Ligand SMILES: Nc1nc2c(ncn2[C@@H]2O[C@H](COP(=O)(O)O)[C@@H](O)[C@H]2O)c(=O)[nH]1
Ligand SMILES: [Zn+2]
């Protein structure tokens, strides 16, 4: 029976992707908690059990240490006391019931997600604001007023300075290194883009209005690892680079270019660090508002137009209503196109028109604009390795945060975000090979000059991560073999393990073989 119970426990843990110390709660169709046991009635599609994972073990040693007492042993003592009183007095006194209620309520508090952060079981919150806690969507997500004011002041001071010709040219290339620039400087660089594409003169955009618009945009990007203001800048800067590299100015009109650049600026406004799958599964306010249809992208777009609604931020305020209508329609199309679930649909549309592509055809231009924002959005790997790799770290940090939260909340865990399944190389080889390159190659089919700028570096990145993946696999095999052949051998220390992996990696990196596509 003991063995049976363990197997059942194991099965439920595996199904829920719960860790060995997580608490599993099983509810019957009426919503009552029931025991997980071999005697459970089979469920049916109309009478489902609900399985909930709570990632805290109230009987764990760590918890007892952090609380200063052991909740489980307290419960046992209470049970013993209750038994004794019952035998002595014949009935359980009210005070015991009250104590039991208090212990139960405390246990419930401990098990709820909101309270795990202060226990420090999952994250050291003293790490500082650079690394947000996994609970950042509930706490530190928004920028503070002081932070915004400080950046605004700096930006306004800097915006009167002349940006050198050297920087202006560098800004037009995909090799641009965003990590060298702080947020106020980034705002100046965005201003330069509007200016050097002649938008200020063509659309009569007052400098103060552009500054106010950029400031509002800055404010509405959150302090999260990846989808932050620096990501907004990188996507916009890649879009800007593509416009120059392909000489789009000579092929399409300024309004389309203005749509493309502004869409990139606004495309992830107020991202909370949790993707659409999470929004939908967690039934967030956004998913409810947008009926599960691209909730994030709809929100980014709505926030953009909310900003533009205010006259003092409205960079399009001197345009005719016809022009405004066209811009609004274009921005909505572009931002909605960044939902990756539409990737194949948009790519296939582009592929079908490529053989007859006509810059004079509005439908063709619309698809091209969607493709360029998509390329810009996922273009980190087209940048030099020392610029791209930190972005991957940021992305994985955000992914892991989401999957941790999904586990805590008992939601389906997004597989490509699971820290137990995804590594840096495994994340990139699949993404580059199946998503990024096929998309980039099609854009380069229309503009062959892009080959050296965006395809070559991406191929290098793929080769790099393919080798890294092989090295990690090799290291894993070596370790498994060593464990098998020398079971009595003392285990490597974490430092030794790290050294072994580093040795395998450097061995593999010396002569990377080009990957095949
Ligand atoms: N594994 C990787 N996934 C990536 C990378 N760059 C982007 N992405 C994924 O695409 C979406 C882009 O859309 P966004 O509008 O949300 O920015 C992003 O969320 C990731 O899921 C990458 O280098 N590797
Ligand atoms: Zn993005």
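Placed from the backbone N, Cα and C atoms, the Cβ positions cover glycine too.
Look at TrEMBL and you will find 144-472 tagged as domain 'PDEase'. Summarising the annotation, TrEMBL assigns active site, proton donor to 227. TrEMBL lists 227, 228, 229, 230, 231, 268, 377, 428 with the feature AMP binding site. Per TrEMBL, the feature Zn(2+) 2 binding site maps to 268.
This view paints the features noted in TrEMBL onto the structure.
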{"residue": "227", "record": "active site, proton donor", "Cβ within 10 Å": "24"}
{"residue": "228", "record": "AMP binding site", "Cβ within 10 Å": "19"}
{"residue": "229", "record": "AMP binding site", "Cβ within 10 Å": "22"}
{"residue": "230", "record": "AMP binding site", "Cβ within 10 Å": "18"}
{"residue": "231", "record": "AMP binding site", "Cβ within 10 Å": "23"}
{"residue": "268", "record": "AMP binding site", "Cβ within 10 Å": "26"}
{"residue": "377", "record": "AMP binding site", "Cβ within 10 Å": "20"}
{"residue": "428", "record": "AMP binding site", "Cβ within 10 Å": "25"}
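Looking at the residues that bind AMP per the record, 227, 228, 229, 230, 231, 268, 377, 428, the two CA atoms farthest apart are separated by 23 Å. Screening the binding-site residues 228, 230, 377 for a C-beta under 6 A from any atom of ligand 1 leaves 377. Checking the binding-site residues 228, 229, 230, 428 against ligand 2, not one has its Cβ under 6 Å from it. Distance between Cα atoms for residue 428 (AMP binding site) and residue 227 (active site, proton donor): 18 Å, as a whole number.
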